[in-house]
Amino acid sequence: MSLTRRSALAMTVAAGAAAAMLAGAFPGASAAPSPTPQQPSASYVYRVTGGVDRAEALLREGFDVLEERQGGDLFVMGSADVGTRLRAAGHRASVDQVLPPVNWAPPARSGQAASLDAAVAEETYAGGYRTVNAQYAHLDQVARDHAALATVVDYGDSWRKSRGSGGYDLKAICITKKNAGDCALSTAAPKPRLFVMGQLHAREITTGDVAYRWIDHLTDGYGTDTQVTTLLNTTEVWVVPIANPDGVDIVQRGGSYPYLQRKNANNTNGTGCGTTGGSSQVGIDLNRNTSSGYGVGSSTSPCSETYRGPSANSEVETKALQSLWRSLYRDRRATGTTAAAPADTTGMVISMHSYSNMVLFPWGFNSSVKSGNDASLRAIAKQMASLAGGWRYGQPGEILYNAGGATDDWVYDDLGVSSFVWEIGNPSGTCSGFTPAYSCQTSLYWPKVKGMLLYAASKAAKPYSG
Ligand SMILES: [Zn+2]
């Protein structure tokens, strides 16, 4: 049995998806019920007859097509309802195998491993998602294997580490064909910079996996893939795979059924908040905590999923990111909501979230206010959404609702750097939810987001001109 098949147990239960989206795909709905963790259920492999030329259509329709073929037959993995959906879409499908639920044990370790060795690098949960330690071991391994391309940067400590109670370093990796001055914490760096961040919201586990694959795509592709080679010769790519490691530490403790912790782990602002990622959860929402539009669309209740924190920029994870961004990008924008950054401004920051298939850009705190660079941001967002196969795009308040204190607003507000949020993931059905089956990453999300990332990198040099 292939790894893909064995890893299918975390199949998202479609019924939970609508509630999950309300509770936080685009947050602010603090009153909405929290999704319940997935329960164990069998997975199915369906045999689809009628020719292998159906593969493209199946993928387009969102089915999880396995690599395996037999004659003219293809195989699709899914939960019990997928057979019905295959037939409804006009395919001839029958059950080929029933796979029992597989339990993926939660990682034994909490907090950063003393040694980020090969064993740590294999740590996964929920069918293949990498733990924080596995992601960090990966960064070190990539830097060892590709010393001419990659540099790991420790940019701070998580809340728990800052308190001396476990926790993690905050880590980024800079990837480029290194020349003098590259990857320095200096705003005078010679190349334009694309910054990509995952898992600021801990439970949005697709985004950490996309970051992992993006790092490999760049470092493995240099010298063999023309597009990647050109990109790394001309651009610096910064990746923070896990911006909220304390939160992810809570998520991964759920093992097969990850805890849906959204926030960081700071428990000093209220008592009695839950510690297993339910609708009452400890911590501060790191995407409501910045000083840009602070207070809009967020909660003052410490156990709420959208708790903004006691004051703007209160959290160590927020401050560490802001300090890193200020050390990488020059401030090119005057204060005020309508001042434009000049046409020769360089750089782009992508904050990856999930889910609901959207591209968002500033201002998030008030969609009736258009930024000075609105036309350029909107045009780029439109192209990103198109590359994703027709996602929605706009200011948050145009397609969802206003929310302030987000990191993407802060990046544009403080520095004038172009800034986007991607909400990666189907809003319902196959591969939806915060914890889609791991096979969805290979079959659906990585192929889609790879093109968006390559486009983003190509626009980092001059986002506001042309
Ligand atoms: Zn999010």
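A Cβ is built for glycine as well, from the same backbone N, Cα and C atoms used for every other residue.
If you look up TrEMBL, you'll see 1-31 marked as signal peptide. Annotation comment: TrEMBL describes 128-460 as domain 'Peptidase M14'. Taken from TrEMBL, the feature region 'Disordered' applies to 263-282, 288-312. Under the heading compositional bias 'Low complexity', TrEMBL lists 290-301.
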### Counts by DSSP class (helix H/G/I, strand E/B, coil) across the region 'Disordered' (263-282)
0 helix, 0 strand, 20 coil
### Query
What residues in the same chain, six or more past the boundaries of the region 'Disordered' (263-282), come closer than 8 Å to it by Cβ-Cβ distance?
23, 33-34, 37, 158-160, 167, 201-203, 244, 246-247, 249-251, 253-254, 301-303, 305, 307, 309-310, 315, 317
## Note on the structure
Summed over the region 'Disordered' (288-312), the DSSP helix, strand and coil counts are 0 helix, 2 strand, 23 coil
